Structure formats: C-alpha cells, structure tokens
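Visitor: Have a look at the structure that comes next, please.
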Amino acid sequence: MGVDIRHNKDRKVRRKEPKSQDIYLRLLVKLYRFLARRTNSTFNQVVLKRLFMSRTNRPPLSLSRMIRKMKLPGRENKTAVVVGTITDDVRVQEVPKLKVCALRVSSRARSRILKAGGKILTFDQLALDSPKGCGTVLLSGPRKGREVYRHFGKAPGTPHSHTKPYVRSKGRKFERARGRRASRGYKN
C-alpha cells in the first residue's frame, strides 16, 4: 500500500504580481519585468520585487533619513531610489541638492527638494536614465516603524519584556499595579 505524498507545502507563497489594480503601477511592472528579464542587473529584479509588495512592506521614507543615507561617503551625485513614498520631515532645517526617484513624493517634501535645486524622477524616467541602475542607491523606509510592532515579542508582564500591552486606557487603574511595582505583589 502506497503512502500518499503531502502536497500542502508544495506551493511557494510569493507575489508574482501586485495585488493592486492601479493601472499605472501595472505599467511600471510591465516595464521592469522587461528590464529584469533583458538586463543582467540585480537592481531591476529588486525594484520589480518591491513593486509587488504590500503597503506595509513599502513603508514611507522620511526626508531626514534619506538625507542621512545620501550623505554617506561615496554616495555623492547618485540617485536615491525609493519604491514607496517620500515624506517631509519638519525637523530638517536645510535640504541639500538631491536627485530622487520614488513612486510618490508628498507635496511638502516635493516642494522642498525642488526648492533646493534637486530633481524628482518617476520610475519610467529612471528606466531611461539608468536602465541597469548605475549610479543609484536603493533606499527603503523602516519596516518595523509601525506602532503594531511594539505589541509583538515576549508577552507583556514577563521578565525583561518591553512589549506594549493592549490596554483599553492608559489610566492609573489599568495594568499599573500588580507586576509593575514591588509594593503590589511583585515587579517584573
């Protein structure tokens, strides 16, 4: 009697196309599919993979982080490429001259980059500008920056856990006594 093979782990779960029905995103996917196939550069393959990603995996990149990353040695006169949104950061006083390519740039970030004499490209312009991704720096926002990640990890209330508990309210009466202070039972 033969043993049936388990087929439940056969399927590789990864996106082969974006979930979104946005026609402009679909056109970019078409373009970068072609480039990823016809050029031998990993840059195009990475951009294509990131175009498929969900919004939570394409976190916004702040202007301050981008400036910090572009100031690193050897990154002068390079194009910052972000498969996502670039947002403004009011904490930054002066913006240097930057050449940027992104899916979206928030209105205030856009005006500040252009005011500094910078240049903002779209991905189809980038494909003409550097089809192999030469002279570019691929950047992305902090994926773990979302508030929800503070609730993940060791259970709140266990020793050395810094996990945020899901609490109805942050008042005096809510998860503040037992386990939080030595005078009330114990402190973790």
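Every residue gets a Cβ built from N, Cα and C, even glycine.
Below are the features listed in Swiss-Prot for this protein:
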- Lys119: SUMO2 cross-link (CROSSLNK)
- Ser130: phosphoserine (MOD_RES)
- 151-188: region 'Disordered' (REGION)
- Thr158: phosphothreonine (MOD_RES)
- 161-171: compositional bias 'Basic residues' (COMPBIAS)
- Lys164: SUMO2 cross-link (CROSSLNK)
- 178-188: compositional bias 'Basic residues' (COMPBIAS)
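Relative to the rest of the structure, where do these features sit?
Guide: With a 10 A radius on its CB, Lys119 (SUMO2 cross-link) counts 14 other CB atoms from all the protein chains.
In this structure, Ser130 (phosphoserine) belongs to neither helix nor strand by DSSP; it is coil.
Counting residues 6+ beyond its ends, the region 'Disordered' (151-188) has no Cβ neighbours under 8 Å in the same chain.
When secondary structure is read from DSSP and collapsed to three states, Thr158 (phosphothreonine) falls in the coil class.
A C-beta separation below 8 Å, combined with a sequence spacing of at least six in one chain, links Lys164 (SUMO2 cross-link) to Arg150, His151, Pro156.
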Visitor: Using a 10 angstroms cut-off on Cβ to Cβ distances, just flag whichever of Ser130, Thr158 is the loneliest among these modified residues.
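Guide: Fewest other Cβ atoms within 10 Å, among the modified residues Ser130, Thr158, is found for Thr158.
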Visitor: Could you measure between Thr158 (phosphothreonine) and Lys119 (SUMO2 cross-link) for me? Cα positions, answer in whole angstrom.
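Guide: Distance (Cα to Cα, whole Å): 50 Å.
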